[in-house]
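Quick look at what TrEMBL lists:
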- ASP106: active site (ACT_SITE)
- ASP293: active site (ACT_SITE)
- CYS119-CYS125: disulfide bond (DISULFID)
- CYS283-CYS288: disulfide bond (DISULFID)
- 88-512: domain 'Peptidase A1' (DOMAIN)
- 1-22: signal peptide (SIGNAL)
Amino acid sequence: MGSNSIVASLLLSTLLFSVAFSASNDGLYRIGLKKRNIDQNSRLAARLDSWEGEALRASIKKYRFGGKLFGSEDVDIVSLKNYMDAQYFGEVAIGTPPQTFTVIFDTGSSNLWVPSSKCYFSVACFFHSKYKSSQSSTYKKNGKPAEIHYGTGQISGYFSSDHVTVGDIVVKDQEFIEATREPSVTFMVAKFDGILGLGFQEISVGNAVPVWYNMVKQGLVKEPVFSFWLNRKTEEEEGGQIVFGGVDPNHYKGNHTYVPVSQKGYWQFNMGDVIIDSEPTGCCEGGCAAIADSGTSLLAGPTAIITMINHAIGATGVVSQQCKAVVAQYGQTILDKLTAEGSPMKICSEIGLCDIMFDGTHEVSMGIETVVDKKNEARSSGSPRDGMCPACEMAVVWMRKQLRQNQTKDRILDYVNELCEKLPSPMGESSVDCASLDKMPSVSFTIGGKVFDLAPKEYILKVGQGAATQCISGFTALDVPPPRGPLWILGDVFMGRYHTVFDYRKLRIGFAEAA
């Protein structure tokens, strides 16, 4: 957001609607959820791709903290709508009397925004609920301008202040953004009105105090801990729950594995190796940064490794002519240089496909186009040579892995060409044969020394019904260069399998098998 960024979301699956609030005798508050099959407009709305700013990204995610409210043992629960098993959202209210909005609870951003009644010139605003400050007795004028950029558009408007109701929690004098412009078609067809960010204030646009911070500051939750349970059972109406102030033991099995937050802003932590069909890829030998992101539908990672995964599961993407050209023209040269165990960037620089500069501790590729570095857009869209750099770096990664397995040079070149064929489409999607799920391998992630497996039924999203059903790979490519990257975004595909606890007091994240 602002100079901080916005991460992506590919909403692929089923939309839930018609929310009903209920309270159980354990003091937890729930919102019942329903689902609806995706249509083409929904699919467009699902493409909240983003990453803006050098601080990486902050897009559509969800977080929060704690305090105390309904009694020392009470916590507050917000049930979620499940948008195609790929996006989860629920209801909040703003103002007095309350005006209701459907929002994405986003652990990857930190601002709350909803459409404004003063949004006159954006078609998207006519399709969603709009906040009317004149109808709220608790509204306080602010007027400071605000703007958030997404990969497929942006929203802009100004800050206002009012009471915000989340479940049964009433946060007083909460600063939020009234969006007066939503020019993207993305928001026009979106199934949500706005976004409620649950990240750290470090990535808040305008340095606004996040809703979660005020929940804690105003003593509205018992503990500074919140947890996400995302229901991936498509036959069930309820899409999931956010528990504010603690965890619900009915949502998970066994114990949580906790890892410390490595950098505040997003819920970021250090991750170990990625494993495909019980075989380590070695892609995170030096460690990788990861983000637990409820606002990202899929699981995103470096193109080189995502392509290896999609190849292993039989996903079909768009052929990359540049990738195949690198193999044809430089394959043998790369293999020769790999015997010296050089880094991908250095090897590709030596053969003239990448430019490198040094910042004293890190090699930084100057040719990789990323959604994070907007400054590279002109270069990336320029000469064909610019696209050869990322293609070369991917080829080096793939070849090095094969060399370590003592494969022949011919087999290595054939393998890399196969991976070139599996590169994702420009929008990041790769499809698989729905009849082949039983034959697909598991894909695992090492966190806190423990291996977290994803089975095919957990990483494949089904879109449509009957003969028209399409199976989409839950893995999508997103390249973040050093020193920030490589970076993995563990979105709803992962969080649906593993119940996730966000512990603000101890600055840690916990994962356990979801019940």
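For all residues, glycine too, the Cβ spot is worked out from N, Cα and C.
Unlike curated entries, TrEMBL annotations are predicted automatically.
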- Item | Alpha-carbon spacing, CYS125 (disulfide bond) to CYS283 (disulfide bond), which is rounded to whole Å | 44
- Cβ atoms other than its own within 10 Å of the Cβ of ASP293 (active site), all chains, total 35
- Item | Integer Å distance between the CA atoms belonging to ASP106 (active site) and ASP293 (active site) | 7
- Item | Neighbourhood of CYS288 (disulfide bond) by C-beta distance under 8 A, where only residues 6 or more apart in the same chain count | ASN270, MET271, GLY272, PRO486, LEU487, TRP488
- Give me the Cα-Cα distance between CYS283 (disulfide bond) and CYS119 (disulfide bond), rounded to a whole Å. 46
- Message: Going by a 10 angstroms cut-off between Cβ atoms, which of the disulfide-bonded residues CYS119, CYS125, CYS283 has the sparsest surroundings?
- Response: CYS283
- Item | Distance [Cα-Cα, Å, rounded] between CYS119 (disulfide bond) and ASP106 (active site) | 23
- Task: Note the mean pLDDT of the domain 'Peptidase A1' (88-512), expressed as a whole number.
- Result: 84
- Tally every other Cβ atom lying within 10 Å of the Cβ atom of ASP106 (active site). 31
